[in-house]
Amino acid sequence: MGLIKLKVNTNSQQYSIIIGNNILKKVNKFLKENSIDFNQCLLVIDKNIPKNLVKDTLKSLPKGSVSIHYFNASEKNKNLKSVNEITSILLKKSFNRNDCLISIGGGITGDVSGFAASTFKRGLKFVNIPTTLLSQVDSSIGGKTGVNTKYGKNLIGSFYQPSLVISDTNFLNSLPKREVVCGYGEILKHSLINGKKFFYFLNKNGKKIIQLKSPFIQTAIHQSCLIKKKVVEADEKELGIRKILNFGHTFAHAFEATLRYSAKLNHGEAVILGVKTAARFSLLNKILNKKEFELIDGHLNDLNLPRDINKFFSIKNLNTIISFMRKDKKNNTKKISLVLLKRIGSPVYKLQFNEKTINLFLKKELTK
């Protein structure tokens, strides 16, 4: 497949998403085409990315204008301290609002860099070059930035749209399979909230996508971006329909926080568990029918993806999981807000449940 270009139109910003293979040598060309100019540029690069994969970007940018900050990307480093390190560099080097910050890394790097860009002098040009499957299909699009705290995930942040997103699928070949599965969690989520066609494509081709086979991986990325773009354009600040993008995430964020963001469960795996848990909760509350639940569960089983929360948690974790769900940013009453499924491709988001209902449900799931 050739170069794919999408245009995202939100109230605050219009920007392009460029998807292709081995396109980093054209970064400066893409910047010029999108009227992104600057005197200085700070690259925030995930230190875990092989250096040979970013050398084309460095060669492409104007000499003398670039500073580099290597960031040790992890959920534990997704915090205000890391944001402060970036903004301190910008201040020391006398950056101004006409300059640019470019993130090269996965979702964590993009979230931290984007938040730093949004707060520096109330807004610095921000270009996102996502390097993981998860960030290419989800977190790089839509303007959500932020950091974790001891009270929960992404509780401090901002909506700040990038000026440009450049997704080079060549990065994906360097990922361990577990990181590819991590991204597949968000692809699966998108397929369940927007019609049935994409889910059936995944159900048929999921193994090829996880194996990064062409053209299946490119199609999955393209379709995920189209779904995310459509939702973000309709509701930039998550006041309504954008909440459907949180399908599975209320459970997922609580699972991650309960494990203190340990390597036992990465974000995408938590999302897959959260999707399964939300689908089962939908079934048991007579919102989703059994046939469609079994289609979803069967798909997870066929791909050997995480399905059962009792393999990661025990009953002793129940109160902690509930406490993090209580702190979820989508809640605006004493009840817990959940995005559930009516059918594959048809989510419902204006649903609230008392803690007792969720407690009883999780208790049964944890003691199976």
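Any Cβ shown, glycine's included, is placed from N, Cα and C.
According to Swiss-Prot:
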- Thr131, Thr132, Lys144, Lys153: NAD(+) binding site (BINDING)
- Glu186, His249, His267: Zn(2+) binding site (BINDING)
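A map of Swiss-Prot features onto the structure.
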{"residue": "Thr131", "record": "NAD(+) binding site", "contacts (Cβ under 8 Å, 6+ apart)": "Asp46, Ile49, Leu53, Ile104, Gly105, Gly106, Thr109, Asp168, Phe171"}
{"residue": "Thr132", "record": "NAD(+) binding site", "contacts (Cβ under 8 Å, 6+ apart)": "Gly105, Gly106, Gly107, Phe171, Leu172, Leu175, Glu179, Cys182, Gly183"}
{"residue": "Lys144", "record": "NAD(+) binding site", "contacts (Cβ under 8 Å, 6+ apart)": "Asp111, Asn154, Gly157, Phe159"}
{"residue": "Lys153", "record": "NAD(+) binding site", "contacts (Cβ under 8 Å, 6+ apart)": "Glu75, His253, Glu256, Ala257, Tyr261"}
{"residue": "Glu186", "record": "Zn(2+) binding site", "contacts (Cβ under 8 Å, 6+ apart)": "Leu134, Val137, Asp138, Ser139, Ser224, Gly268, Val271"}
{"residue": "His249", "record": "Zn(2+) binding site", "contacts (Cβ under 8 Å, 6+ apart)": "Val271, Gly274, Val339"}
{"residue": "His267", "record": "Zn(2+) binding site", "contacts (Cβ under 8 Å, 6+ apart)": "Glu75, Gly107, Leu134, Cys182, Gly185, Ala252, Glu256"}
Taking DSSP three-state, what's Lys153 (NAD(+) binding site) in: helix, strand or coil?
strand
By a three-class reduction of DSSP, Thr132 (NAD(+) binding site) is assigned coil
Cβ-centroid neighbourhood (8 Å) of the Zn(2+) site, Glu186, His249, His267 excluded
Leu134, Asp138, Gly185, Lys189, Gly248, Ala252, Gly268, Ala270, Val271, Gly274
How far apart, in angstrom, are the most distant Cα atoms among the NAD(+)-binding residues Thr131, Thr132, Lys144, Lys153?
21
